[in-house]
Structure formats: C-alpha cells, structure tokens
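A.B. asks: Mind having a look at this structure? Questions to follow.
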Amino acid sequence: MHIYSIFTVIDYVIFAVLLAASMGIGLYYALSGGRQRTTQEFLMADRSMGCLPVSLSLIASFQSAVAIIGVPAEIYTHGTQYWFIGCAYILGLLIPAHIFIPVFYRLRVSSAYQYLELRFSKAVRICGTLTFIFQMVIYMGVCVYTPAFALNAVTGFELWGTVLATGLVCTLYTTLGGLKAVIWTDVFQTVVMFAGQLAVIVVGVQKTGGVADVWRKVWEGNRISGLDLNPDPTERHTFWTLGVGGVFLMLSLYGVNQAQVQRYLSSRTEKEAVRSCYMVFPSLQLALALSCVMGLVMFARYCGEDHSDKLASSSRDAMVIYFVMDMLHGLPGLPGLFIACLFSAALSTISSAFNSLATVTMEDLIKPQYPAMTEARATLLSKVLAMSYGLLCLAMAYLTHLMGDSVLQVALKIFGMVGGPILGLFCLGMFFPWANSIGALVGLCVGLVVAFWLGIGSILTRSTRPLPLECSANVTIAIQTAISLFFSQPSGLKRFYSLSYMWYSGFNCTTVILIGLIISFLTGPTKEEDVMPGTLYPLLGKLFCFLPEHLKKKLCCVTPLGQTVSEKIDLIAKNLPLNKTELVYFSSLCKKFSQKCNSATHHLYIHI
C-alpha cells in the first residue's frame, strides 16, 4: 500500500468542507451583529456567550492535535499509566471554578494580566504578559506542525505548504470573526474531533479481531498499567506525577491561561462561567478515554512494531498516522474525516491562541500607552495583531520538527516551564496578602531561570524508559529491565535534571511563591489595607478557620472576596430613596451601562 494512495476525492471534499465551514463561521460573525466594530465584541464576544458553547470551546482549546496524536503514541510506547492524569482533572477544574473565575469575573478585566497591575504594579503586569506571549508563540509552533505533518504523510502535500495553509485559514477566520467566531468554530470542530477518533477506534477494533482479542493482546503485551504509587519524583509517570503534578498543569491551563480566562469572561454571568467549567470535566474525560483506547487498539494491531519509517519519519508520533491510515484504507471518507478531526483540534487551539495573544497585547501593552485611542482604531489594531501572531506562529512551527521528544511531551514541557511560573505569580498575588511587587518580579524571574535551567538540562541529559515491546509476557526481559533501571538511577545534578516533566508546573510554581514571599518580607511586606479590594482570595482564612479572629486579622486572613458588579449595584440601589419600580429600573440601567463601559469604569464600581 502506498501511503499517498488512500486519499480519495470524498476525503478531499470532507477536508475542504471543514476549512470552508470554519471560514464561513468567521465571515458570518464578521458581517452580522456589531460586525466586530468594538474591542469588546472582537476580543470578548460582548460578554454574551452561554455556558454550552463556552464549555465546548474550553475543551477544544485544550484537546489539540498534540493530544490526539501524542496520547495514543504515549499509550502505545509506555502503557496506560498516562490515563491517571484524568484524576487531576477534578481539582484542576474545581479550583478555577471556585477561586480564579470569581476573582477575575468580579474585577471585570479583559486580560488576566490586568489583575497583576491591580494587585501589584504595571511592571509585574507587563512581565506576566510578555511571559505568556513567549509561551503561546512556542506552543503554537507545535500545534501548527502536528496536523501539517499528518496531512503531508497521507497526501504527499508539501509539508511547509500545508503548515502555511493551516495557519492562514485559522488566521483569517480569527481576524474576521473575533472571539465569537473562535468559540463557535470550536463547537463545530469539537464534534468533528470526537467523530474522527470514534471512527478510527470502531474500525480498528473490528479489523484487529474484536474487543476480546484487543484486550488479550494489550494484557499480554504488558500495556495495562496498575496504580503506581512510587514516590520517586524522577519517575516519568506515576500516580503522584500525574494525579498531583497534573493538578498544577491543569491550573496553569484552566486557571490563569488567557486563552481559557477569556472564555470565562465572555460568559453572560459568573454562574454561567462556573457552570461551563463544570461541563468541561466529563468531556475531557471522554476525550482522554478515546485517545487512550486508540493507543491500546494500535498496540493490539502491531504489538509494538515500529512502522514510522514508512512515513519517512523516525518520530513515534508518526506511528499514529500510519495506524489510522492502515485502518481506514479502503473506506472512502473516513481518512478525510480523521485528518479533518486532527485539523479541527489544531485550528481550535491555534485560533484561541491568536485571539488571546491579540487581547493581551492590546489590553496590557498598547492601550495603557495610548489611552486616547479611538474604538475603531483599537479594533482595527486588534485584528492586525491577531493576523501578525498567526504569521509569527508559522515561523515557530519550523523549530518543532527539530525537537527529539514526542509532541505530547514537548507541549507539556512548554506549559510546565513557562506556565508554572505564571501560575505561581497569580497564586502569590491571590493567596498571600503580604506579597509585594518587588517579590512578585524577583519571584517570576527566578522561577523562569530555574525552569529553563531544569528544562534545558533535561533535554541535554535525556533518557527514556519504555516498557518491553513484545506481545507476550516475557519474565526474563522484565527482570533485566528492572535490574538495569535500578543500577542506572541518576544522582546529583543529573537527578535534578531527571525530574518528571509532569512536576515542572508544580515545582516552578512553588519556586515563584517561595522566592516572592522571601523577597517581600525582606523589602517590606504589603499591608492588607494597601491591597486593592477584590484582588485577594481568603484562602488562608479558610485554611486557618480554627484560629481566633484577632490572630487571623494579624495574619491578614480575613479579607473577603470582592462582590460582583451586579451585587454592588443592587446594594447601592437598596440604600437610595426609590420605590420598587424605580429600584428595578435603576438597577437594570446600571447593569446595562456596566456591560458597555471599559474596565476602568468597572474598577470604580469595585471601589464604591
């Protein structure tokens, strides 16, 4: 079978329909409603989205082509231990729903990094913004390259021509339709993603001999992993690295990442934002399950053999593409559906990044310097920024194919190395009243230095420990592998470099918090009364609820969470000499006004 021969006319049509539908949604929102004439509409969807499209968009942003290709490759090579990351989804979504979303939503910010200026200073906000931009531009390179590689493998299209086409389609509909187009294309693309994965699994199980045969082969091939409670932090995947370290990774993604925060803030109400976060959980578990089952079916088919050379690639991620096309060969339409699934995942993630990058650049770097800029000019500039980031991310895709790790590991390392320090910065501001701006800046800088020291060191001293690849249980090989691993345990600085990449977020987050607190105490801690109302979450007060009130006050543990704008307006209205009808009219008028005005006006409400 020549790998290029499996794409038929129907497959090309299905793939073209995906791109056309995505462009069509962008055009629709460019020509309807307010026609993206204001920054609030273009960047925040007029804060009018319901919880269902927001939740599906949150899934699509995380479930990138990296996950669809990377997770099955991980399961194929190392077994099902990675599945335990699903345990981290519980706290990884509950904490944002009840801590981060209320704080951001009640402050009515457009960019998550506006919070850093309200809590610390403008310098901290700019540093946080630049760190996020750096993180997302690199990550986008991975996201653009992955589906382009897949399309090149199955059609023979020029790889870099495919990269260019992917980036340009995504850039155009993001630039034309704004956040509304991004969210609604995410909804459409999520459905395509699940359909593509399900098609591969059903056909794969059927061609491999049925469910019973698949289970027997993966069991004999030692691919079903038990609960590994090994506390060694250098062990690549254990319950602790995935279930606990994964919580920090999820928090950096769903708690403080602008791409996700922007979706929460586009919701009509705070309750809908929280509800959308809850609705993500079952869908993420389903997506994880589909990817893991796909990896198991792939192993049952090939018993660990490597066919990636048939795609002219040494990457183990190429095995997933080979498996898909081997299974779907001779079934017109299904290869096109899977490639559409892969591109859907990529487009949804990339468009989210373009929009969030345009938002933080506009809100954090440009508007504060040019406060008198007209709304029309600001909106035009936001669109130019979205397009510029699209072209920049295409250049970053070139670097991805130079990396030796799997795309999944590369992506998670990026989030750990850069997302971890950003998470630490927000936690420092939200949970510790004593932290000051000097501590925050020094903490972030030290956190990033340590993160890159660790990350680069791990790349230079990289070693992998795959499971035996036989399809039958081989006790001798298992014993030999265990002995060799025991005697090859790293020590000293090499042990530090061997830290599991799943701990990167937690380790770097903790580094920023500890250094930030130490520097804050050395340079004079912030007094509680100097902290802007609404920027602190009373975590310490809840943890130390058993302490007497006067001790809690000394420890700054009694700061209440800020009220929503609506609650503030209702409280003011009740104290005015108005009858019931006038009260209702006054409240509705204020709330309508509050939705239209910019964040500076919202901050006035917070202070009232």
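Backbone N, Cα and C atoms are what each Cβ position is placed from, and that goes for glycine too.
Annotations per TrEMBL:
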type	residues	note
TRANSMEM	12-31	transmembrane segment
TRANSMEM	51-71	transmembrane segment
TRANSMEM	126-151	transmembrane segment
TRANSMEM	157-176	transmembrane segment
TRANSMEM	183-205	transmembrane segment
TRANSMEM	237-256	transmembrane segment
TRANSMEM	277-300	transmembrane segment
TRANSMEM	337-360	transmembrane segment
TRANSMEM	380-399	transmembrane segment
TRANSMEM	411-431	transmembrane segment
TRANSMEM	438-460	transmembrane segment
TRANSMEM	501-522	transmembrane segment
A.B. asks: Within this structure, do the transmembrane segment (501-522) and the transmembrane segment (183-205) have 3 or more Cβ pairs under 8 angstroms, counting pairs 6 or more apart in sequence?
C.D. replies: no
A.B. asks: Is it true that the transmembrane segment (237-256) and the transmembrane segment (411-431) have 3 or more Cβ pairs under 8 Å, skipping pairs fewer than 6 apart in sequence?
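C.D. replies: Contact confirmed: at least 3 Cβ pairs fall under 8 Å.
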A.B. asks: Please report, as numbers and ranges, the same-chain residues at least 6 past the borders of the transmembrane segment (501-522) whose CB is under 8 Å from any CB of it.
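C.D. replies: Result: 85, 233, 236-237, 241-242, 244-249, 251-252, 409, 412-413, 415-417, 419-421, 423-425, 427-428, 432, 434-436, 438-440, 442-444, 446-448, 450-451, 454-455, 458.
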